[in-house]
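Take a look at the structure set out below.
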């Protein structure tokens, strides 16, 4: 996996599932991060090849709950992002998935309480020895590239010192979100402090924060010196942000996402969440479309909302035919 001069889809909880990752890749994303998955959760899974939709599924044992789904089409670019606070657990989880992904990333930036309270995410930023333990354990025991994603610390000097310690573990790249833990999404990202990290390291740094249009990609590159850029909300609102040609209308992007969700049998709750996030940025959930999404119980219902019943039936018929030949 190369990390220089790449466009990167950021990890987003309940959004970064297989159909959205493939959608972003179709529009030009070179590297696509999956949503963060906690080590405890993936360890409870077994790897199953799903012949019906040609995917590789990590399914919670004793259930039908698909915790992580990937496919051969994205093997060279998908990054499995893990939430962890323990090197042994992190290794066990990484060993389960590493042959099916392009890289393994440790989340060190999530400020949400569910992550921090478990000693994961941004809680790791104040534990450099534990960071070192987790990253070196992974580097020594798996051949898959290892990376991590951090937030800014209280001072630029502190961030640079941590980044240097991380670099010494042998990671392939470092993603830096240009906000501190206490910052809100509406607070401007501090591109200058990302630049301080870039100038201090020799490994690729992936700049993240306030990239909402294609032109912002070049702007953050110039401002930070980073050659690679990670996009979160800008991609959620319109995945064609990665395309240098022309930005697609968000309505068209949304419908393509629904089709990919049907094709890859995505979890309906995840699909509904992503659609609602798209709609709330441009419109309102109180309109008929939003209400219909909220009421939808399954992917068939969502297909009806977008006039894609025929496509849904076609995909279903193909699966039945495969089942008969199995």
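Each residue, glycine too, has its Cβ placed from N, Cα and C.
TrEMBL annotations:
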type: DOMAIN; residues: 9-282; note: domain 'DUS-like FMN-binding'
type: BINDING; residues: 11, 12, 13, 81, 149, 177, 232, 233; note: FMN binding site
type: ACT_SITE; residues: 110; note: active site, proton donor
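Residue environment of residue 232 (FMN binding site) contains 22 other Cβ atoms, counted within 10 Å of its Cβ in all protein chains.
Cβ neighbours of residue 81 (FMN binding site) (same chain, under 8 Å, six or more residues apart in sequence): 11, 33, 34, 35, 36, 37, 105, 106, 107, 149. Cα to Cα, residue 13 (FMN binding site) and residue 110 (active site, proton donor) are separated by 10 Å. Rounded to a whole number, the C-alpha distance linking residue 233 (FMN binding site) with residue 110 (active site, proton donor) is 15 angstrom. The local packing around residue 11 (FMN binding site), expressed as other Cβ atoms within 10 Å of its Cβ over all shown chains, amounts to 26. Its Cβ taken as reference, residue 13 (FMN binding site) is surrounded by 16 other Cβ atoms within 10 Å in the chains shown.
Pairwise Cα distances among 11, 12, 13, 81, 149, 177, 232, 233, the recorded FMN-binding residues, top out at 17 Å. In the predicted model, residues of the domain 'DUS-like FMN-binding' (9-282) average a pLDDT of 96. Note on residue 149 (FMN binding site): other Cβ atoms within 10 Å of its Cβ, all shown chains, come to 25.
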